[in-house]
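Undergrad: According to TrEMBL, the transmembrane segment annotation covers 100-127, 133-150, 184-211, 249-280, 292-313, 341-361, 418-438, 475-507. Residues annotated as domain 'STAS' in TrEMBL: 531-715.
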Amino acid sequence: MEDAQESGGCLEQNQKYCVERPIYNQEILQGQLHKRERTPQSLRLNFLTTLESTYGKAKSHLYSFLPILKWLPRYPVKEYLLGDIISGISTGVMQLPQGLAYALLAAVPPVFGLYSSFYPVFLYTFFGTSKHISIGTFAVISMMVGGVAVRQVPDEVISVGYNSTNTTDASDYYSLRDDKRVQVAVTLAFLSGIIQLCLGFLRFGFVAIYLTEPLVRGFTTAAAVHVFTSQLKYLLGVKTSRYSGPLSVVYSLAAVFSKITTTNIAALIVGLTCIVLLLIGKEINLRFKKKLPVPIPMEIIVVIIGTGVSAGMNLTESYGVDVVGKIPQGLSAPAVPEIQLIPAIFIDAVAIAIVGFSMAVSMAKIFALKHGYTIDGNQELIALGICNSVGSFFQSFPITCSMSRSLVQESTGGKTQIAGALSSVMVLLVIVAIGYLFEPLPQTVLAAIVMVNLKGMFKQFGDVAHFWRTSKIELAIWVVAFVASLFLGLDYGLLTAVAFAMITVIYRTQRPQYRILGQIPDTDIYCDVEEYEEVKEYPGIKIFQANTSLYFANSESYTSALKKKTGVDPCAILAARKKAQKKHAREVKKANKTNDVEASVKHEIANDGLPVNGKFAYVDAGVQDGSPDELEHFVEPKTNIHSLILDFTPVNFVDSVGAKTLKSVIKEYKEVGVCVCIASCSGPVMNELTRLNFFDNTVTRELLFHSIHDAVLACQVKDRSASQTLYLLENNTTHFKQKLCCPHV
């Protein structure tokens, strides 16, 4: 067996191919190819085909818009149901405390976190394409919502434009403030959902690609710092204002440390105890992941213990510990969001919509790749848009995919969206039946849950070392996203990071790698001559490659690199030629002046009947007019390049500026006797050049070749033909000179 493998390896190493074919340029190749002819169909057949196609498209669109119609009828109950039930219960147990905790981040009462954990999650079951992500509240989005809510409705003053009454009671004031913030959060959900719906229907799912991984990771790391800072006051039990906008982290830290002496010791002890318990639970789940049938639900355990301790010891009355407070029982009636708020929060809604979609689609792609199915980015936009916009009528704030819950849902055996639906049902039971039991829950417990869940995000600081080793540009994107989001706020930070990422794309296209290619001997393979010793260049032929497209932003750098790499600058050659011509003209003029006397003497000798040697006459003529050899010596700069091949393999597109630049290059090099060819030009680029009127009488498709090797062989053939013609011309010129100098020959 080993011998067979060794012989097979030898065969693979010694395999060769040999193809004998003509040298193809695009003119010849297009002449030999025939486009497919489509036979016209009858009117009846056209009608039936259109009808069938319309029915198929309508059915496909319906299944695409409601994916549940496609997978639910084929749901394998015996195989999937048990796993989905266990996963749904595990995720629901985790979703309950996170919904309560993240509501504090969104600056709304905790019950609205439960609403946001029910309506959107249930709706996603019908419209989503991912089988494993857990939709609902998420720290980053909640933090962004809270920043907008606090900006629009500050702690101190209720913004102008709201109907308010003069109240002296603190509870009434806070209740009124919370109601206004809820309206801001609900309107944000409605507007961000509408934006996501519009982007989805317009097939703009590709916008997520502009949120590159380093950008998202830097942004979420900064968001984790924002979230952690905002929870310090709940952990310590101090009373401070909530800040938003630029430098909000600095102001929040300053406010907390200025009141550090008023720390509520009871709240701090409860919070730290919960943090320790949560960290121990997560460590146990991580170490014994394969042995445990389901992860230990430490978050709900901590919530139950914290609620029991608070109620039993009466922490609110005895120690002044802040608790969750009133949780209304049952679902609230639907209401229309405050439409008049839209102009003030539109930019924030765009940022929330894009960030939310980016989070969801990135996690969905990870699970889809792992489990071997596909997701539709545009349908994910539509699903999130429906979840946010419809959920806003039932007082839910913006949602997206949660990383931690998604991992739990997938690891506990979840197979389909049924798991998410079951988790939402569990939240519904709490809202309808037992929500009031969590009213004594200390806010410091929720702060502990939020802080521990940030552990994974804080690990992203390790990206700095990773990107330092792999890519300095991606490191710069990460750092800019982190610093901008940390100090400018999450909204302006995200815009700054996206702008910087686009600048890096422009920078890369304007500073590509330029190479001169050579041939690996006895092959049609061409590589960088500076990288490999075996690679050799053809005499008189330069092959130039740039790993970028040719358009307005890099056309100038392309021509500059071309001249530098090839060593042939047509402008410099033409300038040298003009200078040599002027110098030669001055020397001829000077020679004419000094030889006037000799000319008159020769004239007198001729009149006296003395014979004149033809050679003298020729030399005189040469002095006056310049022989071809002498003229060439003066005006032709020395260049050994007769052909230049531009490798267009990496070129994806060419715009009008690039086409004009390319045409100018061909003409400039032609003036100095260098033929420019284009190799490996793709079909779309060829169509773009045709549309841009690139081809004319001087620039034809004969200059375009199917491959580099075709172009090299054509240049060699052309050079040999030119050399033979030049040889014949030189021989004829010599023969003519001999006749002129020696008439008797």
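Quick reminder: no glycine exception, Cβ is built from N, Cα and C everywhere.
In TrEMBL, annotation is done automatically, which means it is predicted and not curated.
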Undergrad: Can you tell me which parts of the same chain pack against the transmembrane segment (475-507), counting only residues 6+ beyond its ends and a CB-CB cutoff under 8 A?
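TA: For the transmembrane segment (475-507), the far contacts come to 140, 143-144, 147-148, 210-212, 214-219, 221-223, 225-226, 244-250, 347-348, 351, 354-355, 463-464, 467-468, 553.
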Undergrad: Residues sitting near the transmembrane segment (100-127): Cβ under 8 Å, six or more positions beyond its termini, same chain?
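TA: Those are 65-68, 134-139, 142-143, 145-146, 149-150, 178, 181-182, 185, 227, 230-231, 234, 242, 303, 324-328, 331-332, 379, 382-384, 386-388, 390-391, 394-397, 399, 417-418, 420-421, 423-425, 427-428, 430-431, 435, 438, 441, 443, 446-447, 449-450, in sequence order.
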Undergrad: What stretch of 133-150, 249-280, 418-438 shows the most Cβ pairs under 8 Å to the transmembrane segment (341-361)?
TA: 133-150
Undergrad: Counting only residues 6 or more past its boundaries, what in the same chain has a CB within less than 8 Å of a CB in the transmembrane segment (184-211)?
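TA: That would be 106-108, 112, 145, 148-149, 152-153, 335, 337-339, 341-342, 345-346, 348-350, 352-358, 361-362, 376-382, 384-393, 395-399, 498, 501-502.
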